[in-house]
Every structure is written in structure tokens, then in C-alpha cells.
Amino acid sequence: MYQRLKEINFRKPLELEWNSIFLILGFFVLAAILIAWTQRPDEELLLERLKDLDLPIVGVGPNINVSESLEIGTQTYPNSPYVVPADRVPIVILPNSAINIIKSLPEAKISFEKEVYARHLAHLLLKKDQKIFSEPILNSIKQDLTRNISKTLDTLWDEVDYAFEKNIGTLPDDDDGWKNVSVYGKVLNVVALLSGRVFVGAPLCRDEEWIKATIAYTIILGVTVGMLWKRPWWQRKILAPLYFRTLVGVHKKAEELLKPLLEREAALDPSEWEKKAGEQNDGQLIRWLLSHTPQKGGKIDVKQLAHDQLTVSLAAIHTTSITISHLLYDLATYPEHVAPLRTELESVIADHKTAGGNGKLSKVELTKLWKMDSFIKESQRLNPPILVQMRRYLTSPLALPSGHILPSGTFCGVDAQMTNRTVPYYEASPITHQQTPFDTFDGFRFSKLRSVPGNENRYQFVTSSTESLNFGHGTHACPGRFFASNEIKIAFAEVLLKWDVRLKPGEGRPANLYTDTNVMPNMKGEVQMRRRELI
């Protein structure tokens, strides 16, 4: 026994240390793998289950061309479901006849939240039971922002000139005054300023660190989730802390920047908010968010409020920047639209001034810009932000008109791309003979359709219907689309009034980028812009 103790006592300390380290590391690696295994996602098993339903599968992975698969699938199976084995999860593409069935089904049966949560791998980033979009932020957008859109317009008009001057006006000119503009990067900054003015107000919205934080969160989240999806399912839980490290740092910076503003606003009585809102309209979202967020022990949850601000900024910056980038590319590509767009805009502004206005168009005046609205809608029709809309996760079996019954656990959606390009309602129009082919850009396609008596309030950019799915449709149609529409129109008006836009000499429209079901404007593309000589 004594000899055995001596052997133990006199073993090399370093050897003991390394053995212990390897033992501990081995334990944690094994534990991580076991945890990952127990949380194994079912996307890899889903395709096998769907094969049992005898659904046609269109496309072969990896790196499947989803756009091409949708075109083939919807043309081949227009009235029945089929499967696109997209890079992230196989998606059952529902026929358009199913739209009215799924649009209002409750979360307990067909879940929008679970689909978004799964697609963004939110279980690897958020706390248990934490939602991507909290109830306070949803209430702030659905109730307050939508109801107070008119009040936000003056704020946006005030900010838009500064945003363009800062990001485009300072670029160097060539001998003829043309500037090379990296479209997506500059538009991101413009939209961050515009949205920030409403969401957090000045001066924070112009703080370079805040702008960097909101843009970085938008970009890094998408890139990080994409990287994790490329890893085998069992590695994601292990690698997530490393991959999300930069994003967590951005979140902490946002908390640091927001904390003084949140504490200052939270200390005010609600009656003081109303008085303040009457004096200035910027930063309203902060107050609305606080009004819907219960305090815990008399304290505000800065971390959750920062998450809410970053999430809504992400949604606003991402989709709006995509739309405006496409608008600049299309305006440069189809210059024949510029003169009619300017004439319409200048006419509405002149009428506004004649009526005693200051030229900053109100919500009512913006609705008079039929040609502008049509141009924006046509640009989005051919360049939708996402190819599959009304995406849902089935939490119970779903019976379809085709006779198929989809099992719970299925990811499904509707083909927005082909709906945009083949919808039959165009054919029913009395002016069908004037319409250009569906695969051709016609910026005034929808203003012509609206000119038909009875169509005046149809075919608008914000329209959500079975014929127009780019904002979704039904219970979960994008609640922020009305604010986004006005923000886009104000930015587009700034371009039309003060800038000429053209493609770089000898170049065509920068090609879109397709990743999984997403469509992005070319992030390296450039156009040329020059200040207009205003008389």
C-alpha cells in the first residue's frame, strides 16, 4: 500500500495535469455531441417522410437552383403540391388553391413563428422560450407604427436629404459630375438612417456606432445562420457559440448605446411622452415599445429591448434596402420611365404647395403617385425578396384540395416567383392587349391596370392578396409594409428630384444573387449618379 501511495504521489505533475485536461475535454465533447443529438432537427428525415406521400421532387441538391425548380415545378404541377429540396430544409410547395386555406389557420395548426424560428436556427442564439419578435415589438408595429404613419412622414422627409448627402453627395465626381455608387452598401446606410430616425430618434440614429451596429446585425446574422446551415446538424450546437460570438458583441454594443436613451425615456410619465410626441416625431418606436413592455421590479430589461430594436431594425433595413437597391438598378436600366415619374411627382408636389403645403408630401399625397407605386411594384414583381412566401411549419396534419394530407413537421409555402409572373388576373383585364409580356419589365404595368374603372384601389405596392404574395398574405402578412412603402417612396422621390442615374458605360444591370429561397440585389454592383441641375 505504501509503495502504491509513493507511486501516486511522485507521478509527474504535468502528466497528471494533461491527463485531467484530456479527460475533461473528452467529457465535454461527448456531452456536447449527446446534447446536439437529442436536439437533432428533423429536416434530414423530412424528405424521406415526404417521399412516402409520393409527392414529386423537383431539383437535386446540394446548391439547388430554387428559382429554376419552382419554375419547372409550378408549370408541371399547377394544382398539386410538390417538393423542392432546398439547401436548408425540403419545402412542400403548395398550389395557389391552398392559399385561402392556410392564410388564417391558427398557430396551433400551422405555425408562422416556428417556421421563422427554425429557418433562422434561433434555438442556437436565443434563450429558451424567447421569441424572435416579442409581443411588445409586434404590438408597437401593428398598432402604433401603422396608426401613426402620417406622423412619421415629416421625420422621414427631414432625414432623407441628410442621408443621401452623407452617403452619396460626398462621393468624388468625374469630369462630368458622375459618381460611381456602390448601390447596396450606400443604400444600407441610407435606410439605417431613415429607419433609425423613427425607431430611436436623433442624435442616436446618426451615431456612427449605432449605424454600424444595426447594419452589422443585419448582415452578420444572415451570414452566420447560412454558415451554420452548411454544417452537419450535429455540429451546429457545438459551433454556434463560436459562430455567433461576433453577433453577441454587436448586441452588447447596441445595449450600451441604447441604455441611456431607454432609461431617460422610461423615467418620463406617459403624459410627458404624449407632450414630447407633439413636439417631435422622431424616436417614437422607443416610447411605444416601452409602453408595451412591463418593467421587472421597477427596472427595464435593456437586453430584451435592445434585442427588440435590433430585430425590428434588421427587418426594416434588410427588406427596404433590397427594394431600393433594385429600384436604382431598374431606374438606370430603363431610363424611359424617368421623365413620366418626375412629371407625376413634380405635379403632386406643386398641387401640395398650391394648397399651402411645404412640398413634403403627406400620406394622402403619396397615394396619388400611381406611376411611382407601379414602378416599385413591378421592380419587386421581377425581383422578389424571397421566392417562397407564406412559409409555415405544420404542427398538425394538413389536408389539401388535391387530396394529399401533409404530416406535422412539414415545412411548406407558396411559390411567389411564379405567382408574380403567371397570375391569371392580368388576363381578365380589359387592357390585356396593352400589357407587355410577364417576363419583361413594364414600370407602368400596374398604373395602367388601376386606370380601369373599379381597379383604382387594387394592384398597389402594399397589396396583399392571392394575386400578390410578396408581403405574404393573411394573418401573417407583413405588418410593417405600410411604413416601409412610404419610406421607400420618400427615398425614391429624393432620387427622382435631385439625381440622375445611369448604368456604368458599357455595362448592363448587375445580376441578382440567389441563395436558397432568397433573392438579393448584386451587392458589388454599381451605378452612376449625378446631381440634377435644378432650375
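Any Cβ shown, glycine's included, is placed from N, Cα and C.
Per Swiss-Prot, heme binding site is recorded for C478. Note on C478 (heme binding site): other Cβ atoms within 10 Å of its Cβ, all shown chains, come to 18.
As annotated by Swiss-Prot, N-linked glycosylation site applies to N65 (among others), with the evidence given as sequence analysis. Cβ neighbours of N65 (N-linked glycosylation site) (same chain, under 8 Å, six or more residues apart in sequence): G59, Y514.
Taking all protein chains in view, 17 other C-beta atoms sit within 10 angstroms of the C-beta of N148 (N-linked glycosylation site). Secondary structure from DSSP puts N148 (N-linked glycosylation site) in coil. The annotation N-linked glycosylation site is assigned in Swiss-Prot to N148 (among others).
DSSP assigns N180 (N-linked glycosylation site) to a strand in the three-state reduction. For N180 (N-linked glycosylation site), the count of additional Cβ atoms within 10 Å of its Cβ stands at 13 [all protein chains shown]. Marked as N-linked glycosylation site by Swiss-Prot on the basis of sequence analysis: N180 (among others).
Marked as N-linked glycosylation site by Swiss-Prot: N420 (among others). Secondary structure from DSSP puts N420 (N-linked glycosylation site) in a helix. Using a 10 Å radius centred on the Cβ of N420 (N-linked glycosylation site) and all shown protein chains, the other Cβ atoms total 22.
The feature transmembrane segment is assigned by Swiss-Prot to 20-37.
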Euclidean distance between Cα atoms of C478 (heme binding site) and N148 (N-linked glycosylation site), Å: 17
Rounded to the nearest Å - Cα separation of N420 (N-linked glycosylation site) and N180 (N-linked glycosylation site): 32
Alpha-carbon spacing, N180 (N-linked glycosylation site) to C478 (heme binding site), which is rounded to whole Å: 34
